[in-house]
Amino acid sequence: MTTRTPLMAGNWKMNLNHLEAIAHVQKLAFALADKDYEAVEVAVLPPFTDLRSVQTLVDGDKLKIKYGAQDISAHDTGAYTGEISGPMLSKLKCTFVAVGHSERRQYHDENDEICNAKVKAAYRHGLTPILCIGEGLDIREAGQQIQYTLAQLDGGLKDLPAEQAESIVIAYEPVWAIGTGKVATPEDAQEVCGAIRGRLAELYSQELADKVRIQYGGSVKSGNVAAIMAQPDVDGALVGGAALDSDEFVKIVRFRDQ
Ligand SMILES: O=C(CO)COP(=O)(O)O
């Protein structure tokens, strides 16, 4: 039986400027102890404009908190106004990058092909993608959540070699649970996260599927995190709103105490 270290990641979305980012990471650093980092991998995904400040703090104080970006260009360099490349993110020592968050799919028309190109761009530059997948309310009400989410998984992983896929993080985020306060039940989360692991085993191998961390995201907070984390195929959380409150995020990291 593979033991997967849970990954608790805060997706700040378009919140906190670089000064607020410094204050926030300092609070996390002050609150979190070595034993927290032994039990859980902790990461923040700030806006691009904060990354340099976060890197300076993490490097300077040798913090154990990891960080990453919320998006990556599919291209490595060139005339792509407004985009941020994999080489730029790896130069800032990012560990993670979110790919295909539902807000990017919805507001920036990112489809599975684009997400697949971004996953590959991340691996070209030593970054670990957090591939976000999950259904909207209409799909859930039609009972199609598994088929829909697995199709996004297939699309995002297309032609990805096992040596890369084994380190990917998958975030199952049902769109109807994001920012709505409507958290999926632990059973809902397990149903789809279990299906994702099953599909990884079909696409690659059971051994690989057992290594991959699958996060749940959508209205996670300190009051519901323990029940979600108790599910066998949930290996962490991708936290939006609750990650902006450092005390709340620390409680989420310490989900075993809740
Ligand atoms: O989208 C999310 C994380 O990526 C979830 O956001 P909330 O935790 O605010 O629902």
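Cβ coordinates come from backbone N, Cα and C, glycine included.
Remember, TrEMBL labels are computer predictions, not curated facts.
Together with Asn11, Trp12, Lys13, Ser219, Gly240, Gly241, TrEMBL lists one candidate of Gly60, Gly68, Gly179 for binding substrate, that being Gly179. Using a 10 Å radius centred on the Cβ of Asn11 (substrate binding site) and all shown protein chains, the other Cβ atoms total 26. Each of Ile178, Val239, Ala242, Ala243, Leu244 belongs to the same chain as Asn11, Trp12, Lys13, Gly179, Ser219, Gly240, Gly241, is absent from that list, and has a C-beta within 8 angstroms of the C-beta centroid marking the substrate site.
Of all the binding-site residues listed here (Gly179, Gly240, Gly241), it is Gly179 whose C-beta has the fewest other C-beta atoms within 10 angstroms. According to DSSP, Glu173 (active site, proton acceptor) is assigned to coil rather than to any helix or strand.
Set side by side, the recorded positions Lys13, His101 differ in how many other CB atoms lie within 10 angstroms of their CB, and the most is found at His101. Note on Trp12 (substrate binding site): other Cβ atoms within 10 Å of its Cβ, all shown chains, come to 20.
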